[in-house]
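Annotated in Swiss-Prot:
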type	residues	note
DOMAIN	4-185	domain 'UmuC'
BINDING	8, 103	Mg(2+) binding site
SITE	13	site 'Substrate discrimination'
ACT_SITE	104	active site
């Protein structure tokens, strides 16, 4: 039986700011963009959460909920540096590490000799070492499988840990709300609820063929998770699935012509980012994303095995047709990446200056 630890730093960006600027301690604090520039909250501390402030909320709304909110810009270089320190602690206990972001990771400690092989004691030791090294607290989940370890890390926050032993899995998943399963978002949860499926026990009792028919491959995954099954090994060399760039606009725009003024710069930046992080990867789709003035968003995508500049313009037109008169506050473009490498003879936009004269 495997021993998986999921480490999740507590309100990471905000915690770094409170550490570096002690005057922020005890005050509601958020890291994000300025409200007068239509910024969005990246992370907030627990004091801010008491007022209803949440990640991905507009800074304007956050300040409405909490007028005394201290809003600071992010310092990504600092967050990356501290993240490297945190990962150095992980490496003392295992070399099987799957980073998920700057502030969370899976660790497989099945064969680790530390703490007499106890995953619970290792999680505690890791959290203590992180605090000694960085002054930041972390929470941990311990379980035999990945998705339960991730769920468990959220059950005793902040600065705590939670263990799900193998024999507890059937009882634990029985009443587990489906929305708690990684990969089940609000839209999927609503579709499941429409079928009368609210928790894992509901899925266990639902006809498998109907679930697979309704959700395809994800239906198979959902059935596994509902039965406490997750055979996935840790992915130590996680390949990016996509590369994208987006911009939040200072003022809402409404016309296709206005969008066309912004799109070339986004495409150029997309090419630059791909050159840095996905130079040898083959693309398999192009995507345009719009977020409207009511904060609802839409995405349009199309299969493509090489970058087609004109396709972004076509997708933008299709997306804008869904605006129903609403203003556009955010515009983004991205490409989906396959696991395959680019053929050396295939046309590529990576690293090149794009000719955007259409």
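Keep in mind that glycine also has a Cβ here, set from the backbone N, Cα and C atoms.
The model shown is predicted, which means the values in this text are computed figures rather than measured ones.
Known features from Swiss-Prot, placed on the structure.
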residue: 8; record: Mg(2+) binding site; DSSP class: strand
residue: 13; record: site 'Substrate discrimination'; DSSP class: helix
residue: 103; record: Mg(2+) binding site; DSSP class: coil
Measuring Cα to Cα, how many angstrom lie between residue 13 (site 'Substrate discrimination') and residue 103 (Mg(2+) binding site)?
9
Starting from the Cβ of residue 13 (site 'Substrate discrimination'), draw a 10 Å sphere and report how many other Cβ atoms land inside it.
27
Whole-number mean of pLDDT values that fall within the domain 'UmuC' (4-185):
95
Distance, residue 104 (active site) to residue 8 (Mg(2+) binding site) (CA atoms, angstrom):
4
Name the residues of the same chain, 6+ apart in sequence, whose Cβ is under 8 Å from the Cβ of residue 103 (Mg(2+) binding site)?
8, 9, 12, 13, 79, 83, 86
